[in-house]
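Please read the structure below before turning to the comments.
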Amino acid sequence: MATLAAPPPPLGESGNSNSVSRITREGKKITYKLNIMQQPKRARACGQGSKSHTDRRPVDPPPVIELNIFESDPHDDSNKTDITFVYNANFFLFATLEPERPIATGKLMTNQGSPVLTGVPVAGVAYLDKPNRAGYFIFPDLSVRNEGSYRFSFHLFEQIKDPKDATEGTQPMPSPVPGKLSSPQEFLEFRLEVISNPFIVYSAKKFPGLTTSTPISRMIAEQGCRVRIRRDVRMRRRGDKRTEDYDYDNERGYNNRRPDQYAGSDAYANAPERPRSTSISTNMDPYSYPSRRPSAVEYGQPIAQPYQRPMASTPAPSSTPIPAPIPMPGPVALPPSTPSPASAHAPAPPSVPLAAPPPLHTPSYQSHLSFGATQTQYPAPQLSHIPQQTTTPTHPYSPRSSISHSRNQSISEYEPSMGYPGSQTRLSAERPSYGQPSQTTSLPPLRHSLEPSVNSRSKTPSNMITSLPPIQSLSELPSTTSQPSSAIGSSPANEPGPRLWETNSMLSKRTYEESFGHDDRPLYNGMRPDSESYPGGMQRRPSYERSSLLDGPDQMAYKRANGRMVSKPATMR
């Protein structure tokens, strides 16, 4: 039978360790010593109910109890031998839960409630070398159902294997009879009890959280024992949120949602935080571009045009003189084949209008309608600042321009035009009104004024519109071909020749326009069939020259796709 050991020591600090001694049949003294190396500190209540048995909330940290066994002479306790590893017996430790303060039992309190302690309350001994060479009892799965303040009470039980290790004065165990079934004759003897420090069981809302695993738990786990290890702090801060290390994101989100009057005096920096309006009229950009083109009166002073304006290409070798302003003290640098300034300003016959000089700060323009031909740039002369006068156009704008195929903004649209005597008559020939017939673009009186205007198109403004000269009949065509022009220099385009097309000398394959007629060419960038500007450095002769050349033996020769050369009379359209 199990014998009762000495009563447990009083509670307090001395309750963390306890020891007891007994005398064996051989007259030896054996001492048992229990020491709680790791005390429980906190736990979360796992609650009551049908699922409470699966809700494991172990006590943190897990309790660890150390067992040491010593053997000595009954009359001399100074010479003790540690026999923990060589003692032949079985030990286990049983844990019970007790309240911190004992509750007096009433007369009518006969029925105890449901058990508060859950989990595995029994632990076997594990012989380890660290932290000390001893036996250890580990309780990694102890849970408490209700919140409160409790203590653990650990009871040590021993199962003796050798009869000589039995306690002195007890009856010897009967020897088992072979081949006869009988009840087991082994007994468990209670040795001693040790009580832990009080710990608190919290509810789910008040639980502060779990801490990292202690060095003792890590050391025991490294030796193969079942202990749950946590490498980070799992603390829950639900109570007073006073520090900024764990709710920084919440405060930052609150600051971003604050109204503008709490932010600061800088209204431009906090503008994106204001609520947006659903009205389209209130979302207009104050610095956006105007929806209409301002007139010349709104702009006032002339402004230089910062970008290049694409214009229709003209024959590369031919160029026309541009009259220089009268206040210029010296000659102006002009392209090749330019006559002297005196001849440029000489009066011309009434049928030949003068070209207006370019305005101030006119940049060079580059043609974008070359269609594969070499693009040319003509530098504009730098003129001095001259007082200018505003000229109001007298006729509506005609979109069917005989010079350019796409209307582009020029500098003169933002500047007042310069008051030169021949500027109004030049633009009248350049832009016919809507009431004029379409065949007026190829009349002979306009040929001499159109050719210089094509070359000077990239240097002169195009917003001044005046009246057109009178239209001459077709019967006067032969007489007008021999009229001289004093304001136009010699140009390859003005020399008579038997060819229908005027082309530059190129050592490459002929283009599409060289083999096909005027109406067969593709139209790009707003080009019109009645336009007289042709890409690729080619310009078609007027209709009166074609009619005169048709009487001759001129034929058009072209190469077919199979490589055979074919010639036929030129087709007039």
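Note that Cβ sites are derived from N, Cα and C of the backbone, with glycine treated the same way.
When Ser183, Ser491 are compared with the annotations in Swiss-Prot, the one labelled phosphoserine turns out to be Ser183.
Residue-level annotations in Swiss-Prot identify, among Thr24, Thr110, Thr170, Thr243, Thr170 as phosphothreonine. In Swiss-Prot, the feature phosphotyrosine is assigned, of Tyr248, Tyr254, to Tyr254; the remaining candidates carry no such note in the record. Looking up the ranges 1-24, 193-216 in Swiss-Prot, the one annotated as region 'Disordered' turns out to be 1-24.
Checked against Swiss-Prot, the residues Thr167, Thr391, Thr480 yield a single entry marked phosphothreonine: Thr167. The Cβ of Thr167 (phosphothreonine) has 13 neighbouring Cβ atoms from other residues within 10 Å, across all protein chains displayed.
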